[in-house]
Every structure is written in structure tokens, then in C-alpha cells.
Amino acid sequence: MPAKQELGRSAAEVAITYDFVKANEEYLNEGHKPEPSDLTRGPRSYTAVITCIDSRATPEHWYDLRPNEVWSLRNGGGRANDPGLLRSLMILQATSEVKEIRVLHHKNCGSLYYNNQWVHDLVQKNSPSRSGQYSPSAYPHCQSMGTLPFIRRGDKDEKEIIIDSIKQDVEFLRSHPLVKERVKVTGFYQDLSNGLISEVDVP
């Protein structure tokens with residue numbers, strides 16, 4: 001059995017399909033420890049983390065967490081004003097004990113570099129890419145969806161824009177009727193360069 005780092009990957013061909021079946025077999029051979037079957041117990045931290053889908057920004061890795069220690073809610077940019085994310089928060093608070101919601105945005109986020117119109121134009125153009133083409137009926141669907149990009153203002157640099165987005169999302173959640181009043185909402189900036197996660201002051 002090859003080592004994990006060799007499964008489906010090579011330095012010469014980094015985009016090769018990952019062999020999930022073999023990876024799971026190796027995981028099972030190392031010894032699986034069953035998780036609690038009682039879903040009402042929830043993460044021991046009682047914390048939900050809202051973050052980006054960027055594979056570099058995984059909170060379980062950066063916070064050194066084990067399974068069942070946090071709820072991870074992810075979308076492009078880690079934005080809070082996403083109907084799907086709010087639905088998940090509503091369900092979590094209805095079924096589990098949530099004490100804190102952490103908004104976690106990261107350095108060098110791709111959401112800095114696109115807007116709704118740019119993404120919609122790409123879908124409408126529908127040029128073949130590495131993953132193929134969309135269905136011909138995709139464009140009408142995408143028109144009803146926002147991509148939740150970060151908003152560039154004036155001469156602010158990247159970090160200032162990200163910090164602003166964290167503050168916006170914290171304030172949005174604190175005032176949203178689907179977030180319980182006793183739930184603490186905090187914001188954090190994740191620096192991919194040095195590994196540091198620092199709290200953003202939102203009065």
C-alpha cells in the first residue's frame with residue numbers, strides 16, 4: 001500500500017485524479033475510531049466556523065481540531081449573507097447548542113478578483129474548460145445567484161478589504177433574526193503565509 005502522500009498525486013502531474021478509495025482503505029487499515037452516534041451532542045467546542053471553500057483555508061487543520069470539535073460552514077469567500085449558509089445556521093441553532101459563530105476570512109482569497117457580472121458572463125459564454133461545459137440551461141439559473149464577492153473601495157489594500165468584509169459579516173450576523181441573541185459572533189483574519197489567525201475587533 002503506497003503512502004498517503006503518493007496516493008493519486010505526483011510532483012509532475014499535480015492535477016491527477018486523487019484515489020479516494022485507496023485513501024479510505026489506508027485510513028481504515030490505520031484503525032477507525034467511531035464517532036458518537038448521538039447527533040445532539042454536537043461539537044465539544046459549541047462553535048460554528050464560517051469560512052471559504054478554498055482548500056488552503058480548512059479550519060480543522062489551522063485550529064488543530066479533531067472530528068466533532070467544530071461545525072464548518074463553507075462557501076466561496078466565506079460570506080455570511082448566503083441563503084444556504086443562513087439555512088444551515090438556523091438548523092444548527094434549532095437542533096444543537098451553539099455558543100459562538102466565528103467568521104474566518106483569509107489572505108489571498110479568490111473572491112477579491114471577480115464580481116457577479118464576470119462570473120455570469122463566463123457561464124453565458126460557456127467555453128470548454130478542464131471540467132467541460134455547462135448545460136445550455138445553466139445561464140438562467142446563474143442569473144438568480146450572487147457570487148458574494150468582496151467589495152473593493154478606494155485605495156485600500158487586500159488586507160484592509162478582507163478586514164472590512166469580516167466586520168460586515170460579523171455585524172450582519174449579530175443583527176440577523178435567525179441568529180439567536182445569546183450566540184457570540186466574532187471575526188478572524190487568516191494569514192496563509194505564516195499560519196496566524198488573528199481576531200478582528202468588531203465593537
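Glycine is no exception: its Cβ is also placed from the backbone N, Cα and C atoms.
Computed from a predicted structure; not experimentally measured.
Features of the protein shown, as given by TrEMBL:
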BINDING   C52, D54, H106, C109  Zn(2+) binding site
Same chain, not part of C52, D54, H106, C109: whose C-beta falls within 8 angstroms of the C-beta centre of the Zn(2+) site? Give them in sequence order.
T51, I53, R56, A57, G77, G78, H105, K107, N108, G110, S111, Q190, L192
Under a three-state reduction of DSSP output, how is C52 (Zn(2+) binding site) classified: helix, strand, or coil?
strand
Cβ-Cβ neighbours of H106 (Zn(2+) binding site) (radius 10 Å)
21
